[in-house]
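Feature list (source: TrEMBL):
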| type | residues | note |
| --- | --- | --- |
| TRANSMEM | A:51-69 | transmembrane segment |
| TRANSMEM | A:76-96 | transmembrane segment |
| TRANSMEM | A:102-124 | transmembrane segment |
| TRANSMEM | A:136-155 | transmembrane segment |
| TRANSMEM | A:175-193 | transmembrane segment |
| TRANSMEM | A:224-245 | transmembrane segment |
| TRANSMEM | A:265-287 | transmembrane segment |
| TRANSMEM | A:299-324 | transmembrane segment |
Amino acid sequence: MSNEYDRSGEPVVQRFTREFLGEPNRYQIASAGVALLALLTVPFWAGQYLYVFALASIWAIFAMGWDIISGHTNYISFGHSALSGGAAYTTGVLVHNVNPDMAMYITFPLSILAAIVIGLLFAVPTLRLEGPYFSLITLLGVLVLTQLVYIYGEYTGGELGITAVSTLTYNLTNLYYYTLIPMLLIGAVLVVVSQSNIGRILRAIGENEAAIESSGIDTTRFKLWAFLMSAITMGIGGAMLAHFYGNITPSTVLVVDRSLEMVAIAVIGGMGTIAGPIGGAFVFIILRDEVLTVFGSTGRWLALWLIVLFFLVFLRDGIFPFIWSRIGSIGGGRDE
Amino acid sequence: MSSDTVFRIDELRKEFGGLVAVDDLSFDLQDDEILGLIGPNGSGKSTVFNCIMGIYDVTGGSVQFRDTDITKLDTHDIVNRGIARVSQESNPIPSSTVGENIDLFTYPNDIFSLTGGASQAEILDIARRFDLDEKLDTLPGSLPHADVRRLEIAKALATEPEMLLLDEPFAGMNQAEIRELSDQIRDIHAEGRPIIIVDHNMKGLMSIVDRVVVINSGQKIAEGSPEEIANDETVQKAYLAGAEVTN
């Protein structure tokens, strides 16, 4: 018999790699290696674009944070910038109002905690409900939080924001690695989670939640866990973004547009895959901040959203799953 | 051989607004028994199963399994206590293969467990019982109807239940498939699992059930051996002069 279930003699290590990495062919392994190498060597081949690559790394963290809950379970959040923005503002408000020299080892954990608290505020009441409630409440959440920032302008700097946050470094090469390395570490953790039982259960929840409940899985607990992982990721990214810009304004870290960009990145990269949204972030941010600027400051947004629309219509599974399966079919694919 | 009561529903009541779907229904199940729960369409049979599995909150009464009150438990808790249900609708994960669908039903209910669940060999064993072993890599969407139904039973067995609820298992099957499935149900029962089968039609059930409970409008109208039920006048009236019972 030739199906993949007749593997009684398979060595443990081989089973383990297959469980978590699938069975990529040599071309897939090579392409993933080349992509990783390309990211690690950006200063040598795209030195003038280091800033935008660093920014894209942070957006990759956001897109992964969105993907582990929304891309997997299909509980679509339209307000994830409330989590990252909440974390960025926590860093900013602490530095601005409490102590300008407050160390990162204090502000960073508190910012992540803020993202978790904001996340649980949304998640606990809504993740039990099916249908559009989750999406609507996340959307309202970010709108409310944005208004709160304006109302408490005395502490938050209002529309102009807070400028007192220390930047990570002025050396662009260092800045790039300060964002790339955490992104890759988060990516590694989330790829393992996504490929494990947990990821399979989360994706199954997205396809048929009632069926999974009848397998003895507490779906609510898994959704909360996914949301918690998401909030931690958003918190890390949010605090990093605060130090990346050195200032925090509603329009750069919080407004609902930023949430929609996270959704768009995950969608064009490939929802539910973690690695796809990483690639999506680089495509999206480089298009937004470099390529499409030829259309002018308003035209680039129009062009950007039209491109996203194009992907939604013609390549709904995203760029990277498409490329991955194309490479996978070289030489007859896995069933050769 | 003496038998014990393994499962009991007591004065179970379910109202939807003003409609009484299950009307103070009581019955029990012995640990060596296959019980048929029959009734015309709309008589409340599936609602009873939904109440047992915690999909609906009950309005009144209780559900007992092995001397524990499971009335208010969530579906996953009930499954983990040993009751599995094969529902009337087929519910596979469409993007996962037959093997992955079975595998999913063996995963531990643990948010920190990255691996676990059945081994490939165990999945192969379960699949073999239902002639799905050659189709483990197939997507459910391209299976014939009878195989999709078999997959549902395979998934339920993958949760290692102590007791099984089957909701219209023979629906849409031809005579040969019904005979084969009846044999498989007898085998599952012979391994020590009591079973409740819901059907609106007694024909398929007659040969495999030990006892029948008949409900109409959510109330029990008769209970007895299959022969007694087939000749019961109240039952025949409920079924429009027996057309469905005897044909």
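Here the Cβ of each residue, glycine as well, is placed from N, Cα and C on the backbone.
The stretch in closest packing with the transmembrane segment (A:76-96), judged by the count of Cβ pairs under 8 Å and taken from A:136-155, A:175-193, A:224-245, A:265-287, A:299-324, is A:224-245. Counting Cβ pairs under 8 Å to the transmembrane segment (A:175-193), the top-ranked stretch among A:102-124, A:136-155, A:265-287, A:299-324 is A:265-287. Per-stretch counts of Cβ pairs under 8 Å to the transmembrane segment (A:224-245) identify A:102-124 as the leading one among A:51-69, A:102-124, A:136-155, A:265-287, A:299-324. Ranked by number of Cβ pairs under 8 Å to the transmembrane segment (A:136-155), the listed stretches A:102-124, A:265-287, A:299-324 are led by A:102-124.
Taking Cβ pairs closer than 8 Å, the transmembrane segment (A:265-287) reaches residues 35, 49, 52-53, 55-57, 59-60, 62-64, 66-68, 70-72, 183, 187, 190-191, 194, 203, 206, 304, 307-308, 311-312, 315, 317-322 in its own chain, all 6 or more past its ends. Same-chain residues lying 6 or more positions outside the transmembrane segment (A:51-69) and placing a CB less than 8 Å from one of its CB atoms are 42, 75, 77, 80-81, 83-84, 172, 175-176, 178-180, 182-183, 186-187, 190, 193-194, 202, 223, 226-227, 229-231, 233-234, 236-237, 240-241, 244, 261-263, 265-266, 269, 271-274, 276-278, 280-282, 284-286, 289-290.
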